[in-house]
Amino acid sequence: MILVVGNNGKLIYDHSNDGASQTLGSCIRNFRNTPHPFRARITYYKRTLKVYVNSGFSPEDDFYELCTEVKDMIIPPLGFFGVSAATGGLADDHDVLSFLTFSLSEAIKEDPDGQISDSEKGKFEKEFEHFQKEFEKQKEEFQKEHPSVPTTGEELFESESQRELDMVLQGQRRVLEALNLFLKRLMMVSEEQKRNSDLMNHTGRNESKTTVRGEKAARPLNDLHNGQPEVLQKLQEMRAYMLKVASKAKEFYPSTGTVTDSQSSIKEIKENIDKMKRGLQSLVKNMDRGQKVICPLDPMTASCVSSSSVLFVLLIEVMCAVGYIVYRNKKREGTKKFF
């Protein structure tokens with residue numbers, strides 16, 4: 001049984017009758033051995049106390065039934081909320097899973113006496129206009145005294161198209177730097193090959209003065225000498241490819257085209273780099289097919305660094321650059337999804 005008893009702090013609870021003589025409202029509900037917790041909702045609004053219960057047979061939390069209603073009940077504004085199971089000699093064993101409290105209030109109506117009158121409103125508007133004019137005047141004076149300092153914050157913001165274009169331009173700048181570096185390396189290799197060619201010519205003119213051991217080493221040197229024109233031709237072709245790629249990057253860098261144009265230009269640059277890679281690979285294979293060069297014993301004509309080693313190092317650099325460009329393009333395409 002659920003009872004509602006009103007107490008002003010001076011009433012002594014009737015334990016012998018379990019409060020039946022003091023009850024203001026009651027209802028009977030079975031709350032023992034239920035599959036779900038028993039719930040009670042108590043509301044007090046406009047001097048009316050209502051008690052709703054959920055017997056615990058339904059899994060829905062908002063399934064409440066009205067137990068009792070007490071009208072014209074006065075509760076003091078100050079007090080405490082609590083839960084106790086001690087109503088008789090032996091207290092029942094219950095577990096409180098949750099105890100929530102909240103307050104209800106009506107919407108506050110605006111007091112007409114608290115509103116600003118028209119005269120005060122006009123006064124405030126005049127003061128605002130006066131302060132606005134002073135602010136504009138001080139702003140103009142500050143601009144005259146500090147012309148180099150930007151006063152508007154529009155420069156601090158950028159549109160999505162500007163941000164995307166800046167990312168493309170930065171990527172093209174890095175590609176241009178990498179291409180310039182490759183061009184310098186190719187020029188160094190070309191100069192090295194020219195020096196080797198001159199060295200081979202000098203060795204050929206002095207073949208009659210060499211010893212028998214030098215005659216044995218003349219055959220691989222002649223083979224290397226015969227392969228010099230092919231190496232120089234390949235290097236010239238790769239140099240032409242590099243110049244073409246660099247010119248494409250320079251033409252695209254100052255442009256303000258769309259992202260589609262930038263992607264087509266990057267694709268063309270990658271194709272040219274792939275051509276250079278294939279040329280270097282074929283050149284290294286041709287060098288590997290030839291006989292191994294034996295360094296001559298003459299210290300005046302000694303050159304222990306072979307061209308195949310230089311070309312192999314250059315091939316590794318080109319492969320690293322191609323991998324970096326592909327990785328950067330994929331990363332830029334991934335970041336575009338956030339714009």
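Using N, Cα and C of the backbone, Cβ positions are placed for all residues, glycine too.
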Which range of 118-138, 139-159 is region 'Disordered', per TrEMBL: 139-159
Secondary structure tally of the domain 'L-type lectin-like' (1-104) (DSSP, helix then strand then coil): 3 helix, 30 strand, 71 coil
